[in-house]
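Novice: Structure in structure tokens, see below.
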Protein chains: 2
Amino acid sequence: MVGKEGKEGKEGKEGKASKLSIQLKTPKGTRDCEFLEARWSDKIFKEITEVFKRHGGTQLDTPVFELKEILAGKYGEDSRLIYDLADQGGEDCALRYDLTVPLARWLAMNSSVQHLKRYHIAKVYRRDQPASRMREFYQCDFDIAGTYDPMIPDAEILRIIVEVFEALGLRDDITIKLNHRKILDGLFAVAGVPEDKTRSISSAVDKLDKLPWAEVKAEMEEKGLAPEVADKIGEYVKLNGGKDLLETLKADAHICANEDVSKGLEQMELLFRYTDAFNVTDKISFDLSLARGLDYYTGVIFEIVTALSPPDDFAPSKKSSYKPKKSGDNDEDRSDDPTLGVGSIAAGGRYDNLVNMFSKKRQIPCVGISFGVDRIFTIMKQRLEKQQKEGTAVVRSSEVDVFIMAFGGKGFTGLLPERMAVANQLWEAGIKAEFAPSVKPRLPQQFKLAEAGGVPLAVILGEDELAAGNVKLKILGLPEGHPDKEGSLVSRDNLPAEIKKLLATLPL
Amino acid sequence: MVGKEGKEGKEGKEGKASKLSIQLKTPKGTRDCEFLEARWSDKIFKEITEVFKRHGGTQLDTPVFELKEILAGKYGEDSRLIYDLADQGGEDCALRYDLTVPLARWLAMNSSVQHLKRYHIAKVYRRDQPASRMREFYQCDFDIAGTYDPMIPDAEILRIIVEVFEALGLRDDITIKLNHRKILDGLFAVAGVPEDKTRSISSAVDKLDKLPWAEVKAEMEEKGLAPEVADKIGEYVKLNGGKDLLETLKADAHICANEDVSKGLEQMELLFRYTDAFNVTDKISFDLSLARGLDYYTGVIFEIVTALSPPDDFAPSKKSSYKPKKSGDNDEDRSDDPTLGVGSIAAGGRYDNLVNMFSKKRQIPCVGISFGVDRIFTIMKQRLEKQQKEGTAVVRSSEVDVFIMAFGGKGFTGLLPERMAVANQLWEAGIKAEFAPSVKPRLPQQFKLAEAGGVPLAVILGEDELAAGNVKLKILGLPEGHPDKEGSLVSRDNLPAEIKKLLATLPL
């Protein structure tokens, strides 16, 4: 139950005006998630969890902070975004930056575990600078660890991605951008990138979804690449498509002479065979410009982008709808790409050596996906608000089904113990019920409370009816003249059963 | 899916043995919650959430850290247990210590909210010293904010406490220790405690569940109380009982001359009337020794204790079962009290002035309860493990219902695309399914994987059967000679429906 009165604004206005020196706000980059939004988030988590469980996922819940040395050296340039805990004596700790490194730490600690499908839904922490960026946000991760025949778990992860967005009603709105680190690294080698520059050039390529080619090329030259080497890279990273692109690359003898490229292409071919069996190949765009920032990926990498306009919170200066480019598309200006400043709504890949960074004796290959739920949420929210307005979906902030009221003439006592006893009877039957927390509430006040909570049913107590063992049960909000408007008398004993019968007929 | 092989131990043994300098462990006072435990925790959270929703609760999710000044001055001596974030530029922040202060901060910020029933299930952080104490643990909070007629929300909180433990199957094992700050403060005044010592003497009394009276008395004298004043307090704080104690105190003209005492007793009388209507008076022990450490309580206070033996993690040196003392019981040795070193499994009270500490213009009374889920969990775990052993409850670490296998003679291809396609068919029907992630798995290996996951059903593909559009469906783990042991042939098209029918007959 939430009751607001008057027209006073929220958002800490009073706090700011207060003479106390305390600033009434949440820390920068964090927010309170309230009521209806929390219920919507729960709905999304539940849908995603269902998919994870359907694929044999089990839950692993790790602490919100880790020893600092566990996180050290895992995030490249972004390590500066890690939140440290203060030194108050004892161990040096830091808030988790993602859910992947804690999983790898766990796998290193539990060396008897040879196979694992685990999911984890929790908040992660990044001291990101742009004002609009959240510094605390949810991730939903699913990872498959263990040695299997090639590309089988990779394909299942892609299937899970599609199933999650299917469950959220967004299947038609997403594209999985897919690439392979081996292909990318091999192409760099063919183009003439020195081996020690592979990762830094890769991170330049990764900016192609935010910057035009000219700027990315400039960065490559700054990083010490000859312009003609950069141009060679440019020829390839502009390519994207589906299985057709795979065929084009396989026919390119020059690049296929490189062992990494040919190995990567072979794996991609196998992967497409499996995504065919899983019926998700249509959602994949093989995109050579996808590089992913993190160092630890070793195989397939993917990012999920959406054609839906990004929410204001994450909006770039320009908005437009995203169209996956066709193979060979030469458009260098990507400023109309909604991923500009928005980022992907899910991302992941294969990381076969991360666990080994923690324990030299332990080698357990992994592949996983991380859903950025807050971004998905803002997209879903627009949709849910629209449905709410249209009346095609009803999401109430509380879930109370019955409001228990009392009325009476002169000498009316308020029937509080009686209302409490009826509430008790309903609670014991598992029915969600409330009553006005006053000794002698007026009837209009009780209706107002029920209405404010969107409660669908009322049980009304009157002294005469109670004496005869009856109460009135009615549906709230029916129009005048509706045959059920007046409700009906029900015996106290049958009340829970009658309520359950009535609730089953309502569109809740 | 979790697969462990060999007999190698866990708990970071390999990590410790590793030559890397990285310590493979979670920070002190934190732990990983794994698989089966995570599922059990989820079950408990779900039960508790159901009760909260039944009473009109809505969810409010606040950030894991708050501005430091929000937490300052709220926790008395325990403020030293707050985890600070490091100063990395920007605001001074600290991890939340409980879920109550963030709620009060939110209520101060949102001044248009006049009534609220909110719940919040999340981890809180305390730099507690004893080796066995957790520093990161879950709390489940339910609070009612707003001005109502006296004691109605207080009684509903007590009802919620009983309902939660009822839902967890622990109703018979708990006692709600209940007291009223006004009565306690008034008694102190009557005994001759100077007003400025009220809170510090109160915190001494609060130790009575851990220390014998002699030690508590010594602390009072150290805090500057005359021995005869302490003895007078001693006479009262040894009292506990039910409504009978209320009558005893009401008949004591000496203490009832104090306005706080008489006001407090009047409220307690009203409260007992309402708990009668809610049918929970039998669970209440009115206990004058209950004081609660936190400064901010202003009315009723309560702590829930259990007769169940505490788990080893929280065990004191001596264990025995707790018997609520009868009114007038003179036993000063409380060393056999399981709350010694264990603490309560839930606690709460009324705090009418906390929001006002944030915003002078805002006065919104609150009452709430906080469930210590980790402690409840360790009790439930013993019970669930026992049921699991007895076979009266089955909780599998993963929820997979179907394992898809293939077999064949000479030239067996492994039927991987076919197994994938069947998995896909089942996933699309919402059925939880897995298959061996190998191109050509041997049949015994597939049965082993299914068995390890406790999967109840198998779908077995053979080339001849597939060619005829059929697969075999069988229940796993049936004894030899059982009429259904061999399973039956089912058409591919009917497979999802047949599986759902079969699952409905199994005790899962």
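For all residues, glycine too, the Cβ spot is worked out from N, Cα and C.
From a predicted model like this one, the values you see are computed outputs, not experimental measurements.
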Novice: Starting from the L-histidine binding annotation in TrEMBL that includes A:D98, A:L99, A:T100, A:Q139, A:D143, A:R292, A:Y296, A:Y297, which of A:R80, A:R126, A:R159 is the extra site residue?
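Specialist: As annotated by TrEMBL, A:D98, A:L99, A:T100, A:Q139, A:D143, A:R292, A:Y296, A:Y297 share the L-histidine site with A:R126, chosen from A:R80, A:R126, A:R159.
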Novice: What kind of secondary structure is A:T100 (L-histidine binding site) part of, going by DSSP in three states?
Specialist: helix
Novice: For the binding-site residues listed here, A:T100, A:Q139, which shows the highest count of neighbouring CB atoms within 10 A?
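Specialist: Answer by Cβ density within 10 Å: A:T100.
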Novice: State the three-class DSSP label for A:Q139 (L-histidine binding site), counting H, G and I as helix, E and B as strand, and everything else as coil.
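Specialist: Strand, per DSSP.
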Novice: If you count, for each of the binding-site residues A:D98, A:R292, A:Y297, the other Cβ atoms lying within 10 Å of its Cβ, which residue has the minimum?
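Specialist: Comparing Cβ neighbour counts within 10 Å for the binding-site residues A:D98, A:R292, A:Y297 gives A:D98.
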